[in-house]
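Annotation comment: TrEMBL describes H74, H114, E151 as Zn(2+) 1 binding site. Per TrEMBL, the feature Zn(2+) 2 binding site maps to E151, D185, H222, E267. The annotation Zn(2+) 3 binding site is assigned in TrEMBL to H188, D235, H237. The feature domain 'Xylose isomerase-like TIM barrel' is assigned by TrEMBL to 30-284.
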Amino acid sequence: MPKVPSSELLIGAHTSAQGGAQNAIWMGQEIGANTVQFFTSNQKRWSGKEITQEQAELFQEAVRVTGLCQLMSHDSYLINLGSSNPSVLHKSQKAFEKELIRCQKLGISFLNFHPGAAVGATEEQCLNNIVDSLEQFEELISHGATRLLLETTAGQGTTVGYCFEHLAYLIEKLYRKIPVGICIDTCHIFAAGYDIRTEAGWEKTLKDFERIVGMKHLYAFHLNDSLKPLGSLRDRHAPLGKGEIGMECFKVLMKNPKTRRLPKYLETPDGPPLWKKEIAMLREFADL
Ligand SMILES: [Zn+2]
Ligand SMILES: [Zn+2]
């Protein structure tokens, strides 16, 4: 297979959609990204607004002009599709449905979300609630091109999705019915105990992922270093190379034929000037 030039590898960041989703796209272009992730509505509120025809057109225009692709939405942090509290579960499913509709209106490739949290219930119950929640969208999801991506979590609190076994359980139950996949967040899996600091560490981690989940289900990466150590179960992002993971991890990701071509989204803390540097650096790693 011919090597894809580094300029074509999809690398972006979580940009701000303040003032309209199109602004996340324009910001992407400014920082040298060819893909972005953003929030389609306020991530800390339940009541997300609908996308109007005019807003969708402004967005499509920005996408056409910039050529950005494989766009990703991150759903609201309030949503818990695995909740054992009926009212929270219902609210979550409604909010997720609205989020999915916004993604479809904007033509977004991936809707990324944290699978859920097992507050007051077992992890197994939580995982089964997530399956039941997502199955409800089987009909709706067939009307658009958006794929749902389960994000690996750090295992903070009662969250599920911190081990490949949880993800495999969800994927196995869902992938024949709805388009689903996995997004690996480097900070989260490291905090959850997967040592990805070296090439050998990545080899082992990807081998485990292949055996337990299957590489064909892996669609994207969130790139973050981690302020907290291996296995800390704490979700605190750091700039690449400035945390406990270190730069080698990101060099390997950009070189390894299994991971090089998958889209990558920075969620590092310092904003656009840092992202611009990190994107350029990641492209250099791919050329080494
Ligand atoms: Zn996330
Ligand atoms: Zn993430």
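The backbone N, Cα and C atoms fix where each Cβ goes, and this holds for glycine too.
In TrEMBL, annotation is done automatically, which means it is predicted and not curated.
Close to ligand 2, meaning a Cβ under 6 Å from one of its atoms, are these of the binding-site residues H74, H114, D185, H222, D235: D185, H222. Proximity of H237 (Zn(2+) 3 binding site) to non-local residues of its own chain (separation of 6 or more, Cβ distance below 8 Å) is seen for C187, N224, D225, S226, L227, G243, E267, T268, P269, given in sequence order. Packing around E267 (Zn(2+) 2 binding site) is summarised by its Cβ count: 17 other Cβ atoms lie within 10 angstroms of its Cβ, all protein chains included.
For H222 (Zn(2+) 2 binding site) paired with E151 (Zn(2+) 1 binding site), the C-alpha to C-alpha distance reads 9 Å.
Remark: H74 (Zn(2+) 1 binding site) has H14, Q37, F38, F39, Q43, N112, F113 as non-local neighbours, by Cβ distance under 8 Å and separation of at least 6 in sequence. Across all of the domain 'Xylose isomerase-like TIM barrel' (30-284), the predicted model scores a mean pLDDT of 97. For ligand 1, the nearby binding-site residues are E151; that is, of E151, H188, D235, H237, E267, these have a C-beta under 6 Å from one of its atoms. Sequence-distant neighbours of E151 (Zn(2+) 1 binding site): residues of the same chain at least 6 apart with a C-beta under 8 Å from its C-beta are N112, F113, H114, P115, G161, I182, C183, D185, H188, H222. In sequence order, A154, D185, C187, A191, N224, S226, R234, R236, E267 are the same-chain residues whose CB sits within 8 A of the CB centroid of H188, D235, H237, the residues recorded for Zn(2+) 3 being left out.
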